[in-house]
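Pulled from TrEMBL:
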type	residues	note
DOMAIN	B:17-298	domain 'ABC transmembrane type-1'
DOMAIN	B:348-583	domain 'ABC transporter'
TRANSMEM	B:21-40	transmembrane segment
TRANSMEM	B:52-73	transmembrane segment
TRANSMEM	B:133-151	transmembrane segment
TRANSMEM	B:157-174	transmembrane segment
TRANSMEM	B:238-260	transmembrane segment
TRANSMEM	B:272-294	transmembrane segment
Amino acid sequence: MKSNVVKRLLKYIGKHRRFVLGALLCAVFSNILMIAGPFIIGKGVDNIVGKGRVDFKQILNIVVIIIILYLVSAVFQWSLQVLTSKLANRTVEGLRNDVFTHVTQMPLEYYDRNAHGDIMARLTSDMEYISEGIFQSVTQFVTGIISIVGSLVFMFILNPFITLVVIVMTPITFFIASFITKRSSSLFKEQSRLNGELNGFVEEMVGNQKVVKAFNYEDRAREKFEEINGRLYKAGRWAQFYSSLVNPSTRLVNNITYVLLGLTGGIAAIAGRLSVGYISSFLTYSTYFSQPINNITSVTTQLQTAAASAQRVFAVLDSEPEKPEAQGLVEFTSSEGKVSFDRVDFSYNPETRLIKDFSLNVKPGTRIAIVGPTGAGKTTLVNLLMRFYEVDSGNIYIDDINSREMTKDSLRKSFGMVLQETWLFSGTIRENIAYGKPDATDEEIIAAAKSSNAHSFIKRLPAGYNTMVAEGGGNLSQGQRQLLTIARVMLIIPPMLILDEATSSVDTRTEIKIQNAFNKLMEGRTSFIIAHRLSTIREADLILVLNNGQIVEQGNHEQLLEKGGFYSKLYYSQYENED
Amino acid sequence: MFRLVKYLKPYIKQVTLGPAFKLLEAILELLIPLLMAKLIDNGVKANNSSYIYMMGGLMLLTAVIGAGSAFICQYYASIASQGFGTTMRNLLFKKIQSFSFNEIDKIGTPSLINRITSDVNQLQFAVAMLIRLVIRVPFLCIGGVVMAMIINVKLSLVLLIVMPLFAAFLYIVMSRSIPMYKSVQKKLDTLSTVIRENLSGARVVRAFARLDKERERFIKSNKEYADNSVRVGRISALLNPATTVIINLGVAAILWFGGYQVYEGSMSQGEIIAYINYVNMILSALIVLANLVITFTKAAASAARVNELLDLEPSISDPTEEQLKSIDQLTDLSGESNSTEKAEEPVIEFKNVSFSYDGSAENVLQDISFRIYKGQVTGIIGSTGAGKTTLISLIARFYDTTGGAVCINGTDVKKLKQNELRNKIGMVPQKSVLFSGTMEENLKWGKHDAAPDDMVKAAKVAQAYEFIEKKPEGFSTQIVQGGRNLSGGQKQRLAIARALIKKPEILILDDSSSALDYATDASLRRELKENLTDTTVIIVTQRVAAIRNAELIVVMDEGEIVGMGRNEELLESCAVYREIVNSQDESGVAPDEK
């Protein structure tokens, strides 16, 4: 599973091969030059033997070489980092685009089922971890390995015997690091789990402060917060402690190596097998050697996090999207408005069948009202009509064309839809109204706002039509937001109309005005209206009374009242007197 | 940032001992190259192998003690930093709890959450770094310089030139990258907004066939974010290579000038080696220092955000003793003048109340006065934006009035303790908010020691019992965050039950049956009527049917009361009410046919 994740990630990285190649080249060059540095400095030191025994000509040469060498190396090092940062950012950019596109191709069920915060996290913070992981693995891991191998080679050239000391000590470092990392990883998991729990709790309590206050829940909330926070403290403290042991431990091993090098080097020098300058170089190499090991051990946690994040991200890509649309589908442009359901079955989950054997023929220009108790399947019918969900069996025809044989976009464009949820995006009021028709003129927008009764309140806003809608639309009341979503539909003048509790947040007086506008708009057009308010639907040509996914009654208002069935019961309950 | 230091006080031991041990480690670390130089000069050059062993042993001991000190320091650092973080989180949570809606509206929930989580994490990290590095790094730098100076003062001139060079460079990089870093964060915010909107608006985006446009919007925003990250990366990538170059320029200079010193005999070869080692040590310390500066810059930004919360005084707070007295005197005076009416005191009274939201010039409520008596059912009706929800928010004192007063049982709400006030009130908000946990836990919000019978009773009245019972786990059914596994109507009924279980003196229903079908709504109202004879009920609604029989109906329009009375009176006297009734009941046949 893990190797699979790495492989898939490599595919994305592979798209930016030139950055990888460039980075690797820069890594090799800059490291070779960096490693050569101490060798040359050591040579310089060897030319400074003692009083009166200094070869200035040689030193000058070496000084010039050192300056050039480090300058060139620095250029490579900088390029390495820039290329890696490009690699990491561009890779993640591509991955993020793919994941987002994939998410937009998911059936609506996916949005209903998954926590939005979780999907958000996968597209943002998980991506950050991956980007950081790529950056670290190239700059630390790859260059680390190059400089480890490089300094080993140089040391070997200097003295193979002493190099053995270093080679023996190295695995100890890795052993210690992996031992501690393994020990602390469960603590880290616990810590991040508790962090999630705490975040979730704060989000709930702060986000719903009104209820918390109304129920005097502050103290109990605080107690619970402190309890979670206390657990977080314990886990966090030990996780931090154990993981912070890695660095001093490896440093200890490095220091021991350093001392052993001095010892063996010193002995070797006494035996005349090594010059003092070489001991100096050797010592520097041992730090060059241990530094990347230190760095690698300190980024392992980051790489683990990155791998875990990549796994979460790829899990999104693995979820089954809606089937891509076949070629040669009809670009539907509705002219009539004839809609029919033919023996439609549908269920959200296999155990409970919601819509059973549903058939309905709607003549062009009919106004259909769908009523029924909560959970009767009213909204589901709309979901099927718009193909937010696909029918399990049966067919839906529009103008005698099977809706499955037309492109979804063209199908959906033939309906204007106003939902109960008043979704606005962060932008100006103007942009929000023009959502379905971005090239609308100001006159069209104002006309739409006027017919939806939104113009008068927009006019009173500080910046009128250019007022920014805050994220989530916090600066507008629920009713005002609904008026904007209605204006949005008024603007596009769709061939057919779906109103799903479209005026539930609007008071009835305003509703009547809007209704009149809708009536004008809908003259001769097919429309579906879902509402709890029976007054809204009294004027419909056809009322469908739904219960448990089936039509239990249909007819117009008078017919249904006369029938004295389910509908009339619903209707009278509205006016029922309590006394 | 420094103002937060006082919260480190409980960890004074860890905060002082930690760096002390780290300092010890640093000192020991500095000793090692010095010992090495001795080993080379006195051991290797004098061919004295026993001296080499002795020095070797000494160095080993130094290394082990150094590591031990580091462990102790890390131990203290973990206690102090995590403890500090925990304290800050508790403190902020408590503070946020005390805020009224004015403050919460002003800062915004997502920002509050970010501050209590990621900003505190930044600070926590900074404390850990502070303990670990703040003494060690400058010490290594200064120590390295001092040790180098001890070896040779003249040569140290090189360092004194190199260090400011480094500082200047660090400053240039920081001053350019910090604003860029901020803009990267802003781009990330934009990107998150696009994602969030596409998740919440999935239906609308599809209904308007705008998927392609949304994808374009995302890709553009994604690219801007990546571009900005790459740009800031280009600048910050300068830091390490440049530091290396600057230091090694120093090394080259040391070779050259050191050569002269050795030539003159004022310095030995071993000393040159030690000198170069110190310089390398300074180099690595400086690189850490650069990273440390970045950490603290970020922490300073977070500290500012945290401090802003801590400084913010809640605009609504419980009255102090003195205030209580002064208010007492005021109400006593007014009480005397009205003593004749004392016989029947209204449960709720609005006296010339006006209200405007913070920072808004326009009054949302204007000159509102009415009285509600015990056991009465009062309906508040009016068009969208008429100020109905704002009005009831004033009863529970979610906001303070800007003019006039709201009195409960004759006492100004400002004079009551918020806890006491809200204990009297059962509130069912417009948006039915439930919390993750079981249904039982949610119901117990109203009364934490509610007996099973109480729960069943409340659930029955709220028309919730039937569907709860149908669930396989009954009252123990888990509710996921936000109540996504329940329908809108079910959530509303649970929210009503939660308020009922409290057995409040005053029950406020804020349009809280909008998601119920009429039949359920009607049974709910009947049950409420039968079971809550002593309770004063306020129903905010847009349905005339819901309040037709109320003892008092308050009709609101654009923040003012335009009519008050019973249904029949209002039908005659109030045009707005008539309009509302007509809009819902044009034919007028229904009541007659009953």
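Backbone N, Cα and C define each Cβ position, glycine as well.
What TrEMBL says about a protein is an automatic prediction, not a curated fact.
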Averaged over the whole of the domain 'ABC transporter' (B:348-583), what is the pLDDT? 85
Please report, as numbers and ranges, the same-chain residues at least 6 past the borders of the transmembrane segment (B:272-294) whose CB is under 8 Å from any CB of it. 29-30, 33-34, 36-37, 40, 129, 133-134, 137-138, 140-141, 144-145, 147-148, 151-152, 155, 159, 166, 170, 173-174, 236, 239-240, 243-244, 247, 250-251, 254-255, 258, 262
The answer for the transmembrane segment (B:21-40), taking Cβ pairs under 8 Å and residues 6+ beyond its ends, is 51-52, 55-56, 58-59, 62-63, 65-67, 69-70, 72-73, 76, 131-133, 135-136, 139-140, 143-144, 147, 269-271, 273-274, 277-278, 281
Are there residues at least 6 beyond the ends of the transmembrane segment (B:238-260) whose Cβ is under 8 Å from a Cβ of it, and what are they? 152, 154-155, 158-159, 161-162, 165-166, 169-170, 173, 267, 272, 275-276, 279-280, 282-283, 286-287, 290
Going along the chain, which residues at least six beyond the ends of the transmembrane segment (B:157-174) come within the CB cut-off of under 8 Å? 141, 145, 148, 235-236, 238-239, 242-243, 246-247, 249-250, 253-254, 257, 279, 282, 286, 289-290, 293-294, 297
Beyond a gap of at least 6 residues from its ends, the CB atoms lying under 8 Å from the transmembrane segment (B:133-151) belong to 19-20, 22-23, 25-27, 29-30, 33-34, 159-160, 163, 267, 271, 274-275, 278-279, 281-282, 285-286, 288-289, 292
